[in-house]
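Q: One structure coming up, written as structure tokens, with questions to follow.
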Amino acid sequence: MSRYGLQKLYINGAYTDSTSGDTFDAVNPANGECIAQLQAANAQDVDKAVAAAKQGQPVWAAMTAMERSRILRRAVDILRDRNDELAAIETADTGKPLSETRSVDIVTGADVLEYYAGLIPALEGQQIPLRGSAFVYTRREPLGVVAGIGAWNYPIQIALWKSAPALAAGNAMIFKPSEVTSLTALKLAEIYTEAGLPAGVFNVLTGSGDQVGQMLTEHPGIAKVSFTGGIASGKKVMANAAGSTLKDVTMELGGKSPLIIFADVDLDKAADIAMMANFYSSGQVCTNGTRVFVPQALQAAFEQKIVERVKRIHIGDPSDERVNFGPLVSFQHRDSVMRYIDSGKREGATLLIGGCSLTEGALAHGAYVAPTVFTHCRDDMQIVREEIFGPVMSILSYQSEEEVIRRANDTEYGLAAGVVTQDLNRAHRVIHQLQAGICWINTWGESAPEMPVGGYKHSGVGRENGISTLEHYTQIKSIQVELGSFNSVF
């Protein structure tokens with residue numbers, strides 16, 4: 001029997017058997033063990049979830065703002081009380097170190113839910129005077145039933161990022177987690193129900209993106225889709241959403257982000273920032289700054305500091321709290337990352353450290369890839385142009401500010417960018433010219449609930465987090481009121 005047993009779908013406030021009974025395995029990438037069997041939803045299950053959501057959403061929307069706020073705050077409290085339990089599940093399902101999942105994944109997700117719970121009473125319309133006897137007022141009304149489709153790298157955090165503003169605005173959500181990492185989304189559904197969310201307001205359908213995800217994007221009963229994933233999948237989501245019922249979409253589609261280091265920096269600080277921008281969560285972060293631009297005069301010294309730090313990484317069993325670098329999320333993804341590493345070698349990049357899968361001792365049965373650093377990279381190399389989503393840093397040298405800005409922007413992506421410098425004028429001057437939606441100066445990676453996150457160009461549509469996201473889960477109704485006489489032309 002697997003550790004977490006059979007996991008059913010979560011529809012209408014309760015665990016529900018799938019129509020087909022088909023299942024798939026959840027695998028711990030640290031050791032290859034099956035930790036759960038998950039039921040796979042089909043079209044009938046999607047219809048059931050939509051019907052449940054349509055029934056529950058008006059009940060939820062009819063509650064006062066303070067009532068909805070209290071229920072979501074209660075869910076925040078439960079999340080924090082169960083932090084360690086949820087972190088252990090997340091670590092087993094994703095391979096992320098327990099030191100990460102305990103301190104980041106549930107914590108930051110709960111923070112976002114608390115943020116939106118506090119904003120609910122502030123969601124309001126306007127009153128617009130027209131003339132003495134007439135005025136217009138507006139209402140922000142929920143969209144109805146919306147869908148969230150998550151990625152595998154931050155399962156519960158993404159589920160909370162998508163559900164928090166949707167629920168706060170009075171919508172119901174059907175959430176499809178990645179089939180690779182589905183367990184904590186189901187636990188979140190339990191928590192919402194325990195907190196008092198009406199049945200049907202948050203449903204979880206497990207299964208493949210090609211099937212369940214497509215059904216959700218095409219379903220006529222769904223008003224909006226929020227998707228996190230790759231560009232190719234995002235294009236399908238947008239096409240399906242537009243081709244069915246002109247659904248609204250929000251999409252975060254990854255990146256190939258530049259981190260620009262200038263010559264005036266403290267090189268130790270710059271190296272620390274580059275390490276976090278590349279190797280946190282084993283490099284499986286959409287905003288990672290994997291194109292590290294360094295002044296040519298500092299390149300050798302910078303490389304030395306990076307190699308020193310890579311050698312200090314503690315790789316191992318992610319359930320060991322001393323470990324800060326675990327396996328990749330799956331064996332399939334490990335193989336994909338290794339193909340990119342092999343490409344870097346073939347195309348002539350200089351390998352400084354790593355460059356291999358790790359198969360010795362306790363790591364033999366896991367999906368481990370060594371932290372890898374290439375230097376003397378060119379802008380046309382595959383490892384520089386394509387999103388790898390793994391622990392692979394590419395170091396590129398440059399000679400002038402104008403040159404590095406041009407090269408940093410020479411990509412179809414535009415999710416994130418960063419600048420490390422002690423010159424405040426230069427920092428803002430350069431950041432303002434970088435084509436990216438999320439930018440950091442002298443830091444990397446933090447995304448507070450108040451901070452809108454999303455990309456330029458092919459990196460996405462719309463934003464998550466921040467006040468504006470809450471508004472995007474509503475539709476504006478305008479009402480004109482006439483207090484005086486009405487004059488007809490007929």
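Glycine is treated like the rest: Cβ placed from N, Cα and C.
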Q: Let me know which member of GLY125, GLY200, GLY254, GLY366 Swiss-Prot also records as binding NAD(+) at the site of GLY150, ALA151, TRP152, LYS176, PRO177, SER178, GLU179, GLY230, ILE231, ALA232, SER233, CYS286, GLU387.
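A: Candidate in the recorded NAD(+) site: GLY254.
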Q: Based on DSSP, name the secondary structure state of VAL180 (K(+) 1 binding site): helix, strand or coil.
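A: Going by the DSSP assignment, VAL180 (K(+) 1 binding site) belongs to neither helix nor strand, so it counts as coil.
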Q: Using a Cβ cut-off under 8 Å and a sequence separation of 6 or more, which residues in the same chain sit near SER233 (NAD(+) binding site)?
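A: GLY209, GLY213, PHE227 - these are the non-local Cβ neighbours of SER233 (NAD(+) binding site), listed in sequence order.
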Q: Counting other CB atoms within 10 A of each CB, which of the recorded positions VAL180, ILE231, LEU246, CYS286 comes out lowest?
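A: Comparing Cβ neighbours within 10 Å for the recorded positions VAL180, ILE231, LEU246, CYS286, LEU246 has the fewest.
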Q: Cα distance, ASP93 (K(+) 1 binding site) to GLY460 (K(+) 2 binding site), nearest Å?
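A: Distance (Cα to Cα, whole Å): 27 Å.
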Q: Here are the recorded positions: LYS162, LYS457. Which has the lowest count of other Cβ atoms within 10 Å?
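A: Checked LYS162, LYS457; of these recorded positions, fewest Cβ neighbours within 10 Å: LYS457.
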Q: In sequence order, what residues of the same chain, 6+ apart, have a Cβ less than 8 Å from the Cβ of PRO177 (NAD(+) binding site)?
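A: Correct list: GLY150, PRO155, ALA159, THR184, ALA185, LEU186, VAL204, THR206.
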Q: Checking your reading of the structure: which of the recorded positions LEU246, GLU252, GLU464 lie inside a 10 Å Cα sphere centred on ILE231 (NAD(+) binding site)?
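A: So the list is GLU252.
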